[in-house]
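> One structure is given below, represented as structure tokens, and several questions about it will come after.
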Amino acid sequence: MSQMTCKSLAIITLAGVIIQMIGLSLFVWGFFPVKPALTGVSGPESYRAPAFDSDENYGNISLPPHQLRSLYQDLSGIPPSFDRLILLVIDGLPAEFVLGKDGNPPRKAFMEAMPYTQSLLANGMAIGYHAKAAPPTVTMPRLKAMVSGAIGGFLDVAFNFNTQAMADDNLLGQFSSIGWKMVMHGDDTWLKLFPGLFTRHDGVSSFFVKDTIQVDQNVSRHLVDELSRDDWNLLILHYLGLDHVGHIGGRSSLLMAPKLAEMDEVVKMIHTSILTRENDQGWTLLVVVSDHGMTENGNHGGSSFEEADSLALFVGLRGHVSDYKSATQNTAQQVDIAPTLALLLGVPIPKNNVGVLIDETFDQLKDDHQLRALELNSWQLFRLLDAQISCLSCANISLNDFSDGQPSVTTECNDSLEKMFCCLYMNAAVLHSTWKSKKVSQSSSWEDYNSTVIAYHKFLKTASEWLSSRATDKPVDLLAFGVTAMLLSCLVLLSLTLHMGREINLIEKLHHYHSNNDMQMCFLDEIFVLGVILILVISMASSSMVEEEHYIWHFMSSTLFLILLRKTVQLLPAQNSLSKGTKNFKFQMCSVFVLLISGRILRGCHQGGVNWTHLPDISKWLENSGGVHVKTVQLVSGVSVVILGFCFLSLLSSKKNVILVVGFNFLVSGLLVLVHIVKYQENAFARSSYGATISAQMIYAVLGSTTVGTAVLLPWFMPIQISKVGSSRDIYSSISVPSDVKDKSLLMALKDSLYVIGWAYIFSWCLLQLLLQQPINAMPILLLLVQILTSLLHFSYSGLHHKEWVEISTLYFLGMAGHFALGNSNSLATIDVAGAFIGISSHSTLLSGVLMLIITYASPLLVLFALVVYMSVKGCLVTQNVNSGHLLQTMLGFPCLVPLTLNSILLTAYTIVLLLMRNHLFVWSVFSPKYLYVCATSVCIYIGIFVVAATGTYTYLVLGKRKIMQYIELLQKNQELVVPAAFHRISFKNMAALKHCFLLSMIVAFSLSSFQMSMAARNLLQAPAGPLPTLPPMPKVALPPMPSIPTLPQATLPPLPTLPNQPTLPKLPTLPPMPAAPKVTLPPLPSNPIPTTIPSIPNIPSTIPTIPFLSPPPSN
Amino acid sequence: MVKASTTENPSQSVSPMQTFFIHLICGVGLAVGLWVAHNFYSISLISNPSRTLRLIWVTMCPLVILFYSCFRKNPEKCSYLKAVIRGVLALPIGALVNALGAIALGAPVGIQYFPKTVNWSLLMSLFTFVPAASVFGSSWEDWRRIFAHTKPNASVDYMICLPAHGAVIGAWFGAWPMPLDWERPWQEWPICVSYGAMAGYLITMVLSFVLVLARGRQQHPKAD
């Protein structure tokens, strides 16, 4: 059997990983298309029938706005219904709150909270719809859908944190081309989507999720002024507060009814002003929409009814008397808003719209105008169809069919796709023209009209549905290539692992590590691990298994532990031979029990998934029992983590000095984290204050520098015990092999340093998680740590009884089970967004993304870091007769290869599953989010394995070099040995290189730590100094008149990065912490109107646009 | 048979007919329990799992203990009564072990689940622990051989080892449909797990009979 060298192994592994990355990115690129869109903007040609010669081009887009406006009016043939539009967006408002559900009116508390809106609905002054939003139900894609009528690709979610200007044809662009003046107050997503389009705007950030009051005050304060002005045509108001209320307390939050009442006030204010000013400024239409709904817990992102149930409420339509009863069941699509508004306001329908106009909103128009509106919408959709279906030519079915006056209407349209659309379209067109001709001859009947409307609707509905589902069009070759690459890399990694396994087996056989007895044992654990992989792959094909994946991981890992227990019992020596081994085995048994128990508690922490989330679990129980208990549990867990960490470190008893130094450094960071928990995590308010941000940054810096410092410097200082030098032959042979490992001392030093470095990784990671995770998750973090430490101990005691790959797979399963135990699921809604902003003082997509990854993948990464310790505990058992590369290979081989292989199998299998499921009903709501998770897991594995491999290699190289140096020093001391000249050369070269390496690593470590420290220091110093040069008087002028908050610390004023010379108001990223006062006053006042509780607010708005964190803590 | 017991095999050797008889009795006991629940109390595992499980284990308990005690190890040293008492004692202990195992694997904990878990684990104890306790008593080596190594040697080993493993593995597989969203009443704990356990038990009893039969055939020519 050919032995692979270490280098070639590494290169092949790397190649496999790179192939996998390429394949994965190609697949993602192909499967989540950036939707196929028509370029350009609808112009006057949209009022012409789609010509079959399709060359007509007006080319007069460059008309001045008012001319274009009148041109549109002339061409459309519909008198403009409205001159002004107020778009009131209430973020996250489920339509159910306003309209009720399934024929039932909404909840009584909500009805009473919105008296004005309900009266509008009851009087027929308004008409409301359940507007079904497409997943992903997050703000930006939904806003895009509303203004463009197009359904975006799934990956728009990824851009939700990185909003960028909207390039496609949309309503706002159309309005601007006819010279409308637009004003926007509210969510700054609008400003990012449409930069420079608004004449006035006041953006508030959805960055501060805990703020439920100020964020809306900042919108409402402009309302009176804006309503009295007449210099705008479009006013967009985007209220974020309700969404924030949902995020904090869910649907049944105590703050919900007051928030709805506030929104009702806004509607009332706007509507009364519309009514009073109706005649001087033309007709104004008020449209109240929400971008998405929310689940019972207040989350959103998926496609359940609760999340997709957004509102579309049209207020101010004339001559419409709606039946209130039916309003609860009025349904539409969210994309329907775009064509409806376009037609009502007299602009062309955006090019990529797939929506259908909402019929009832046109009831005020005459019959011919209504038909014209339907016709325009049909033309637009027909153009889109024409662009998407290459051979959609209706020329064959010529218009001559109806020229004889007796059209062959109502032909059944069951042909192929193209023909069906053609046929439906022609049917409608023919009926329409017949109706027109009959109308001229005064013979048109109600029936003709009706059948025309029906025919149009049939075409519109069919086309709209087909176009919506069309967003899943995929380039086949790209997908095939991606899947092939992934399969290839999977095979490469798999064969490498098998190769490693064979090699190790050979060595073990050579050294007779297995007695004959052991060899006979049935390898139940190995079979089971393989079975788990198979089961996982199979279960991925079931949507409910994907939703409830946490059950599988827990079930599998627990079963694996039980099998380990069985194996331990098997290995138990017979009772009569009471050797000291029995104690060892007893310890192993106990460790399995600890694993099982902590695993079960972890499983009970979060009732994840979809179907059984309502069942009681430990986190709900803790939350309900009050903040004090949560805090106590959190503190106890934090202290236990620290204690446990140090106990674990002290297991390495041989190197006292090293332990003292490293331990002390980490004690500092541990204490910092504990202090942070005590001081800042009391409530949501303090958690995001400025002091907390600084403290978190300090912790990042200290943890980062200590960990990196330990990893880089430790190998240089780890004492290597110098054994007595044997004969000079040894030394000569050691020259031929650069770093010989025949001496055990090197191995010991390697093990010890890896142990300490791995411990540093684990410990600092746990501390970081204690800082970042929700307070509820502190106990699970502790349990995870316990599990990992116990399993490491178990494996270290069990020696060679388990196969190495089985142990690493066990750790991997443990990590995945822990991933779900921390409250994660395969739905995008469970990502902890709030935690991703801890310690960040300004909005940074990259940093937030990194933090989010750290929080979400806490458990798998912890396991990967634990592999460093695992290497030290297990990896270097082969000590004889091997060269240096081989040692590295046996040490690093399995810990790196096994996770990579497991992950690549799962990734490849799931990719294929996703391909097979591409037409499944749940592909966008279940399988695609899961795929995003799988991709993120792969990224985590890459990162973790890189860290493991880099640490192992670096430590090994450094120690090897030092070892040689020691030999040389010894040689120079013992002058009796004759050292050949050549050897001198080599040794000096070596020494020089060694010194360089050492210097370099010192520089890296120090620069890194000093950089981080200086960052922290700068942030600290910035606190008082930052705002002064830019806007000295501001803090004092703005803040003092707050009577309700007596003690206002001046030391912690916010940094104001970009301030003066802007026409608009400056932004304040953070507000000085206002300690306990609002927290005490706010939450227990569900009945009071919120605004009255903070009397001093009116003073602030003139200077500060956003004052975050005035919110009360989550109320349960 | 008396002669056989005096030979080097300490436990009584079991003929295939006896195996068949015992397994038949156990299977019939199970069926009778279900039948009584269905016809006399008009309940089933789905409508009232804890009562049905109780009926089943109460029906099976005397059968299992009394019949397995006949095949106790070292019949000279150990009286029949002692074997029966061992079996009775093993019932709650085995139930505890089974319940803990089930909870470790994710069985729900809570007051409303308590009677279900208790009755289920008592039944599982009858499937797994009680026969072994009646036959082997507290002989650690035998327990380890049967449950840790799964190396049955004698016919009676097959009779204990296989159904016990079958019941556990059946219960393990029976838990699989639980997280699926089919919204069937039998997906509740411990209904489908019980079904799985019973199915596994019954199947492995047949298997055990077949193996004992095959063993008898193999040994027969040797004796000649």
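The backbone N, Cα and C atoms fix where each Cβ goes, and this holds for glycine too.
The transmembrane segment feature in TrEMBL is assigned to A:9-32, A:478-501, A:522-545, A:632-651, A:658-678, A:698-718, A:754-772, A:778-800, A:846-871, A:892-916, A:931-959, A:993-1011. TrEMBL lists A:521-951 with the feature domain 'GPI ethanolamine phosphate transferase 2 C-terminal'.
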> Which sequence positions outside the transmembrane segment (A:522-545), separated from its termini by at least 6 residues, show Cβ-Cβ distances below 8 Å to it?
552, 556, 559-560, 563-564, 566-567, 610-611, 802-803, 805-806, 809-810, 813, 902, 905-906, 909-910, 913, 916-917, 920, 922, 926-927, 930
> Taking the transmembrane segment (A:698-718) as the first stretch and the transmembrane segment (A:931-959) as the second, find out whether 3 or more Cβ pairs fall under 8 Å, excluding pairs closer than 6 in sequence.
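Contact between the transmembrane segment (A:698-718) and the transmembrane segment (A:931-959): present.
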> Given a Cβ distance threshold of under 8 angstroms, which distant residues of the chain, six or more beyond its ends, lie next to the transmembrane segment (A:892-916)?
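Contacts with the transmembrane segment (A:892-916): 9, 13, 16-17, 20, 24, 27, 31, 479, 482-483, 486-487, 489-490, 493-494, 496-497, 500, 504, 533, 536-537, 540-541, 804-805, 808-809, 812, 864, 867, 870-871, 875, 923, 927-928, 930-931, 934-935, 937-938, 941, 944-945, 948-949, 952-953.
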> Would the transmembrane segment (A:846-871) count as touching the transmembrane segment (A:754-772), if touching means at least three Cβ pairs under 8 Å and pairs must be 6 or more apart in sequence?
yes
> Which residues of the same chain, at least 6 past either end of the transmembrane segment (A:754-772), have a Cβ under 8 Å from a Cβ in it?
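Same-chain residues near the transmembrane segment (A:754-772) but 6 or more away: 634, 637-638, 641-642, 645, 648-649, 652, 655, 658-659, 662, 666, 669-670, 673, 676-677, 696, 699-700, 703, 706-707, 710-711, 714, 718, 778, 781, 785, 788, 835, 838-839, 851, 854-855, 858, 861-862, 865-873, 947, 951-952, 955.
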> Could you pull the average pLDDT for the domain 'GPI ethanolamine phosphate transferase 2 C-terminal' (A:521-951)?
83
> Would you kindly list the residues that approach the transmembrane segment (A:9-32) from elsewhere in its chain, counting only those six or more residues past its ends and only Cβ-Cβ distances under 8 Å?
153-155, 474-475, 478-479, 481-486, 488-490, 492-493, 496, 500, 889, 893, 896-897, 900, 904, 907, 911, 914-915, 918, 928, 931, 935, 938, 942, 949
